[in-house]
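**Q** Supplied in structure tokens, the structure appears directly below.
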Amino acid sequence: MAVEEGIDDYTQDGTVDLKGNPVRRSKRGGWTACSFVVVYEVFERMAYYGISSNLVLYLTKKLHQGTVKSANNVTNWVGTIWITPILGAYVADAHLGRYWTFVFASLIYVTGMSLLTLSVSIPGLKPPPCHQANIDDCKKASTLQLATFFGALYTLAIGTGGTKPNISTIGADQFDDFHPKEKASKLSFFNWWMFSIFFGTLFANTVLVYIQDNVGWTLGYGLPTLGLVISVMIFLAGTPFYRHRVPARSPFTKMAMVIVAAARKWRVPLPSDPKELHELDLEENARNGKFMIGSTPTLRFLNKAAVKTGSTDPWMLSAVTQVEETKQMLRMIPILIATFVPSTMIAQINTLFIKQGTTLDRHIGNFKIPPASLAGFVTISMLVCVVLYDRFFVPVIRKWTNNPRGITLLQRMGIGLVLHFIIMAVASLTERYRLNVAKQHGLVENGGQLPLTIFILLPQFVLMGTADAFLEVAKLEFFYDQAPESMKSLGTSYSSTSLGIGNFLSSFLLSTVSDITQRDGHEGWILNNLNKSHLDYYYAFFAVLNFLNFIFFMAMIRFYVYKAEVSESMHVLTEELKVMRLKASNQEAAKGIA
């Protein structure tokens, strides 16, 4: 009995220690291991948002860059931050594993943060201060100064490429999907994970940006650098408690094998019985911590990869489960595309929204509000809405839909898309009102500060947080939940890829609209002097773009088929393994009797 209990204590999902040995649930993983991961994320979010939230103002005030150039430099860098996780996911899944990829990447991250702190601290690495109203009259940063600053930023971006896709999956790996109690705990882990992001982001958007604006950039960047160093040390301290997954073949390679095999056998007919397709046996899948997936009729052409033709070449023959995993990743691509436009809207928070704030009255008594602090209301709004959604909305709607989530993940994302349309409509009307006040007070030409409180921008920040509670939370859960078990890192990187491409799209749209609207002698929509600009037209253009994107999203979800719930698949797998073992033991018993 003791031996049986000892065997049951080992994880069933294929996780091991760093030496490759099977691990016991009582010794590794669970909430003990996750506590180190969650604490790391709090400090890391402080570091990242401590830079990104106020970066556009540093580029404007200290490096003397104009509106379009500074905004595009921010979105290009943020886009890189969110795109590089694809590379990090590949390295983790195919070569180093999540733990070692994270460790090496975090060292690069700390190096980039340290260099960035030095670049804002040493006088020779930035141009002299300038107080001219027209920024074009200020001395520009030299090539060396720009190379140092942006070299540090992009070193940091490479580091985050290895940490972002792996830290959340390392946390999720501490819970065994084959164990009902641990699977339930994984859902709670994601709640704590989101809370750690909220807390770190809110601290950065309030305390750190205030320090940067009122104390100095050296301390404002030095604190998050120190916090990041501490967080990496905390993560490393938890090493004896972590469970690890052995790196397998790259998910990109596995997907390519299926596509190539199907293409090479395009003339081969599919058997009428799906059971005739190639599949690994149940025990082998279980040893790999995987569960079998039955053949489905969607993307039927790919089923040809599993047709037996006598060849065992992996580029000619794929197992049904591998084919279905590839289908799952491909089916999500249209949904991924539909998230690019709202990700472009999110990019406005740390660029044009903040620039608008600099033109308004920021005083509350003797206290001066940093424009970037308004981004804190996005976090607060998101946190409040997530709590209200889980505590009130879901229990009420669940009675009508019988869905444990209340509504489906795609329905939740759809609500977020509608809110993004509303956000940009509100932002356009608010900006039109701001421009009217500038005209009334004769502040158009000189670009002076308006006698108008910065809090007129509050609705667009609060609504952005509300939209995030629907779209961003659902998007993260959707891409993780719908990704195959062996491709969770790649699935998580879909979510970050959406934000990356959204930021690059923001750069493209801003440059294109600025260029087109200044042709033929026109003043243009986006100028360094926002009081002469027409951001109201630009935001109205975004509202139209969101409406068209929503129509595209509604068309795509009609064809989407959710994958089977993991819990149900695990239950089926467990029951089938019990039957197989029972048959084997009966056969052995029969031989003994004979």
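A Cβ is built for glycine as well, from the same backbone N, Cα and C atoms used for every other residue.
Where the annotation comes from TrEMBL, it is an automatic prediction and has not been curated.
What TrEMBL records for 74-92, 98-118, 189-211, 223-242, 335-354, 374-397, 409-430, 537-561 is transmembrane segment.
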**Q** Can you tell me which recorded stretch out of 98-118, 189-211, 335-354, 374-397, 537-561 has the most Cβ pairs within less than 8 Å of the transmembrane segment (223-242)?
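**A** Between the stretches 98-118, 189-211, 335-354, 374-397, 537-561, 98-118 has the largest tally.
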**Q** Considering only Cβ pairs within less than 8 angstroms, which of the stretches 74-92, 189-211, 335-354, 374-397 has the most against the transmembrane segment (98-118)?
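**A** The stretch with the most close Cβ contacts to the transmembrane segment (98-118) is 74-92.
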**Q** Hey, does the transmembrane segment (74-92) touch the transmembrane segment (409-430), meaning at least 3 C-beta pairs closer than 8 angstroms, sequence gap 6 or more?
**A** no
**Q** Mind checking which residues reach the transmembrane segment (335-354)? Cβ under 8 Å, same chain, six or more beyond either end.
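**A** Apart from its flanks, the transmembrane segment (335-354) reaches 52-57, 67, 70-71, 74-75, 78, 371-372, 374-375, 378, 410, 413, 416-417, 420, 423-424, 427, 457, 460-461, 464, 467-468, 471-472, 475, 478-479, 494, 497-503, 505-506, 509, 535, 538, 542, 545-546, 549, 552-553, 556-557, 560.
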**Q** Mark yes when the transmembrane segment (374-397) and the transmembrane segment (189-211) have three or more Cβ pairs under 8 Å (sequence separation 6 or more) and no when they do not.
**A** yes
**Q** Could you tell me what the rest of the chain brings near the transmembrane segment (74-92), counting residues at least six beyond its ends with Cβ under 8 Å?
**A** 48, 52, 55-56, 59, 98, 101-102, 105, 150, 153-154, 156-158, 160-166, 247, 250-252, 347, 350-351, 489-490, 492-493, 496-504, 506-507, 510
**Q** Mind checking which residues reach the transmembrane segment (374-397)? Cβ under 8 Å, same chain, six or more beyond either end.
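**A** Same-chain contacts beyond the ends: 49, 53, 194-195, 198, 201-202, 205-206, 349-350, 353-354, 357, 403, 405-407, 454, 457-458, 461-466, 468-470, 472-473.
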